[in-house]
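Chemist: If you look up TrEMBL, you'll see 26-48, 60-81, 101-120, 132-152, 203-224, 236-259, 271-291 marked as transmembrane segment. Per TrEMBL, domain 'G-protein coupled receptors family 1 profile' is recorded for 41-289.
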Amino acid sequence: MTTKNKTEVTEFVLLGLSSRPEMQPVIFGVVLIMYLTAVLGNTLLVLVACSDPRLQTPMYFLLSQLSLIDICLTTITVPQMLVHTLSVVRSISYNCCMTQLFFFMAVGSMEGHLLAAMAYDRYVAICDPLRYSAIVSHSLCLRITLTSWMVVSLNSLLYSVLVTRLTFCGNQVTHFFCDITPLLKLSCTRPVVNEMLIFTEGVAVVVSPFFFILGSYIRIGFAIAHMHSTAALRKALSICGSHIMVVLLLYGSVIRMYLKPSSTYDLNQDRQIAIFYTLVTPMLNPLIYSLRNQEVKGALIRLLRKLCISGSFQVGSDKERMTNIMRPNV
């Protein structure tokens, strides 16, 4: 379907990851396993952070919020891709496409803001540990989270409104979800306003958390350099290690994907990058935080033991109930 008027575009066709029919079952199986792993891992991390009394701290509150964001990020894009992978019809309505764009950009931007809040938490914990409890509190983390949601929602709304004002010359989106860059490629004229917005307001909302994280770690680096205790140095590095890995995974792909002119957009390469930050990174995050964090690992073991004991008790109760039912009355 080709059109010169955006009002004639009532739906978009998402071309997905590959056009080769023999690859669709393979893609479906691999993506399904990765999606279930990401959702299960992040759900366990949320349950651990919320149920274990030892993890009722601001740092683990932020970590649970990050896991919720990862669940939302994958759920916004992946289930639809799985359906389209095994389907002949890969269309999505215009309104659904714009809705998906709004939520994806809001949730994706929110992840950067949460990582910035976590960097501040680590900065205070290492550089001013005696005043940590007085500075970083649950109420502060809650205010940061709510404020960040307001900022990213307004930012995403602005992007979505500008995209709806574009005139599209086609409806085939070379992607597996409605993202802003492939939609800009469908515009009949070069979307100068949208590109300027990406490189100005987009930098302020999306990349500014990265510079805040960078500044926090520069200060942390100076503090670590002046540490004379090996134990304190080891603890500081363990506190920051997991967070640094997640930051590099996220911003390495996001900066490569979005902060460039649409004329340099490479269809195949950018789809691979999109898979990385919408699926691979959310799948790896809980593994990074659980395997490198002894507190999370211990809390996860306690939760699994509790679930196993509860399940065994339930099975025993069911057997006893069935025995009583089948026992003949004397």
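Cβ atoms are placed via backbone N, Cα and C, with glycine included.
Curation plays no part in TrEMBL annotations; they are all automatic predictions.
Have a look at these and tell me how they're positioned relative to everything else.
Modeler: Counting only same-chain residues 6+ beyond the ends of the transmembrane segment (60-81), those with a CB under 8 A from a CB of the stretch are 14, 16-17, 31, 35, 38-39, 42-43, 45-46, 49-50, 92, 100, 103-104, 107-108, 110-111, 114-115, 117-118, 121, 138, 141-142, 145, 176-177, 246, 278-279, 281-282, 285-286, 289, 296.
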Chemist: Need a quick answer: max count of Cβ pairs under 8 Å to the transmembrane segment (26-48), which of 101-120, 203-224, 236-259, 271-291 is it?
Modeler: 271-291
Chemist: Under a criterion of three or more Cβ pairs within a distance under 8 Å and sequence separation of at least 6, are the transmembrane segment (236-259) and the transmembrane segment (132-152) in contact?
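Modeler: Output no: the transmembrane segment (236-259) is apart from the transmembrane segment (132-152).
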Chemist: So what's near the transmembrane segment (203-224) in sequence-distant terms, Cβ-Cβ under 8 Å and 6+ beyond its ends?
Modeler: 109, 112-113, 115-116, 119-120, 122-123, 126-127, 151-152, 155, 233, 236-237, 240, 244, 247, 251, 254-255, 258-259
